[in-house]
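Enquirer: Straight from Swiss-Prot, here's the annotation block:
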- 1-146: domain 'N-acetyltransferase' (DOMAIN)
- Trp22, His25, Tyr66, Glu79, Asp115, Glu136: substrate binding site (BINDING)
- Ile81, Phe82, Val83, Asn120: acetyl-CoA binding site (BINDING)
Amino acid sequence: MNIMPISESQLSDWLALRCLLWPDHEDVHLQEMRQLITQAHRLQLLAYTDTQQAIAMLEASIRYEYVNGTQTSPVAFLEGIFVLPEYRRSGIATGLVQQVEIWAKQFACTEFASDAALDNQISHAMHQALGFHETERVVYFKKNIG
């Protein structure tokens, strides 16, 4: 397995995996992806097999605003991670997360946070397997006023 930061030439591999994680409109993804790869406080990684098949992606950021459950700032934040089902439980997600931890230290981060939907038990289990622990549960509300 080979893990590398994403460049412009790898947008199609990233897009394919990103659409599996967040099934949305490709044109919206592409526009956002092109912006993300230019931002120093964002990290995008792809994992490839020895035969150059893209099998996993990770997106992370450095957040300077308050992050639920953390005590410091800045905080590394796992924005999204996806491993093709047939490659799960083989250490790929661990390898991706370790790369973020190394990168985040350049920004003086001492905490690494993430979130998951309350009902996404698969994500909860993955986070725990990667060394994260639950800090709090939050339900967001909104009210239209105009």
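Glycine too: its Cβ is placed from the backbone N, Cα and C atoms.
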Enquirer: Rounded to a whole number, how many Å is the Cα of Glu136 (substrate binding site) away from the Cα of Val83 (acetyl-CoA binding site)?
Expert: 26
Enquirer: Excluding near sequence neighbours, so keeping only residues 6 or more apart in the same chain, what lies with its CB under 8 A of Trp22 (substrate binding site)?
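Expert: Long-range Cβ contacts: His29, Gly80.
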Enquirer: So how far apart do the substrate binders Trp22, His25, Tyr66, Glu79, Asp115, Glu136 get, largest Cα to Cα in Å?
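Expert: About 31 Å separates the two most distant Cα atoms.
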Enquirer: What residues, ordered by sequence, lie under 8 A Cβ-to-Cβ from Tyr66 (substrate binding site) and sit at least six positions away in the same chain?
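Expert: Counting only residues 6 or more apart in sequence, the Cβ neighbours of Tyr66 (substrate binding site) under 8 Å are Ser73.
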Enquirer: Can you tell me the mean pLDDT for the domain 'N-acetyltransferase' (1-146)?
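Expert: Averaged over the domain 'N-acetyltransferase' (1-146), the predicted model reaches a pLDDT of 96.
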Enquirer: DSSP-wise, what's the residue breakdown of the domain 'N-acetyltransferase' (1-146) into helix, strand and coil?
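Expert: Across the domain 'N-acetyltransferase' (1-146), the residues distribute as 51 helix, 33 strand, 62 coil.
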Enquirer: For a quick check of packing: other C-beta atoms within 10 Å of the C-beta of Glu136 (substrate binding site), how many?
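Expert: Result for Glu136 (substrate binding site): 6 neighbouring Cβ atoms inside 10 Å.
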Enquirer: To see if you understand the setup: which same-chain residues, six or more apart in sequence, place their Cβ under 8 Å from that of Asp115 (substrate binding site)?
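Expert: Expected: Asn68.
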Enquirer: Between the Cα atoms of Glu79 (substrate binding site) and Asn120 (acetyl-CoA binding site), find the distance and write it as a whole number of Å.
Expert: 15
Enquirer: Apart from Ile81, Phe82, Val83, Asn120, which residues in this chain have a Cβ no more than 8 Å from the mean position of the Cβ atoms of those residues at the acetyl-CoA site?
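Expert: Here the non-site neighbours turn out to be Leu21, Gly80, Ala93, Ser123, Met126.
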Enquirer: How long is the line from the C-alpha of Phe82 (acetyl-CoA binding site) to the C-alpha of His25 (substrate binding site), rounded to the nearest angstrom?
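Expert: Approximately 18 Å lies between the Cα of Phe82 (acetyl-CoA binding site) and that of His25 (substrate binding site).
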Enquirer: Using a 10 Å cut-off on CB atoms, tell me which of the binding-site residues His25, Glu79, Ile81, Val83, Asn120 is the least crowded.
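Expert: Comparing Cβ neighbour counts within 10 Å for the binding-site residues His25, Glu79, Ile81, Val83, Asn120 gives His25.
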